[in-house]
Amino acid sequence: MWVLGIAATFCGLFWLPGLALQIQCYQCEEFQLNNDCSSPEFIVNCTVNVQDMCQKEVMEQSAGIMYRKSCASSAACLIASAGYQSFCSPGKLNSVCISCCNTPLCNGPRPKKRGSSASAIRPELFTTVLFFNLALCLAHC
């Protein structure tokens, strides 16, 4: 019986406060010309349990590449992304691409390639393991 008490304490102290999910994203609401808004001053905390994704919009125009980034709800982001899919042709003039992602700062610059990624923890793997552990914990609490 004491094992259940320890498990309940562990779940209460470490898992339940973390159920309020908040993500950080890069945000520049106004289009930025040739500035991908990926420096620290553009980092924001998204609205807890509402804005669960980061969104990136890239428009290629004759003047240069325009960027807009923000926090978004998964529904709004996925609808916008799907709606503009036919206009997304990277490298072509007047292309508009909208992408959605759900890991911290995922709408920032592409990470620099550093040798083998086998030793690095991939965010999607970490998220999967985290949710699996949460499910196990809730099943036993």
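Cβ atoms here come from the backbone N, Cα and C positions, even for glycine.
The signal peptide feature in Swiss-Prot is assigned to 1-20.
In the predicted structure, the domain 'UPAR/Ly6' (25-108) carries a mean pLDDT of 94. Residues or ranges marked as domain 'UPAR/Ly6' by Swiss-Prot: 25-108.
Counting only residues at least six positions away in the same chain, the Cβ atoms of ILE43, VAL44, CYS46, GLN51, MET53, CYS54, GLN55, LYS69, SER70, CYS71, PRO104, LEU105, CYS106, ASN107 sit under 8 Å from the Cβ of CYS25 (disulfide bond). Per Swiss-Prot, disulfide bond is recorded for CYS25-CYS54 (among others), and the stated evidence type is similarity to another entry.
Secondary structure from DSSP puts CYS37 (disulfide bond) in coil. The annotation disulfide bond is assigned in Swiss-Prot to CYS28-CYS37 (among others) on the grounds of similarity to another entry.
Under DSSP, ASN45 (N-linked glycosylation site) is assigned to a strand (E or B) in the three-state scheme. The Cβ of ASN45 (N-linked glycosylation site) lies under 8 Å from the Cβ of GLN22, GLN24, each of these being in the same chain and 6 or more residues away along the sequence. Residues or ranges marked as N-linked glycosylation site by Swiss-Prot on the basis of sequence analysis: ASN45.
Counting every protein chain shown, the number of other Cβ atoms lying within 10 Å of the Cβ of CYS71 (disulfide bond) is 22. Summarising the annotation, Swiss-Prot assigns disulfide bond to CYS46-CYS71 (among others).
Neighbour list (CYS77 (disulfide bond), Cβ cut-off 8 Å, at least 6 residues apart, same chain): MET53, GLN55, ILE98, CYS100. Marked as disulfide bond by Swiss-Prot on the basis of similarity to another entry: CYS77-CYS100 (among others).
For CYS97 (disulfide bond), the number of other Cβ atoms no farther than 10 Å from its own Cβ, over all displayed protein chains, is 16. Positions annotated as disulfide bond by Swiss-Prot: CYS88-CYS97 (among others).
The disulfide bond annotation in Swiss-Prot covers CYS101-CYS106 (among others), and the record cites similarity to another entry as its basis. When Cβ atoms from all protein chains are considered, those within 10 Å of CYS101 (disulfide bond) total 18, not counting its own.
Annotated GPI-anchor amidated glycine per Swiss-Prot: GLY115, in sequence order, evidence recorded as sequence analysis.
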(message) Between CYS37, CYS54, CYS106, which of the disulfide-bonded residues has its C-beta surrounded by the fewest other C-beta atoms within 10 Å?
(response) CYS106
(message) Roughly how many Å lie between the Cα atoms of CYS97 (disulfide bond) and CYS37 (disulfide bond), rounded to a whole value?
(response) 16
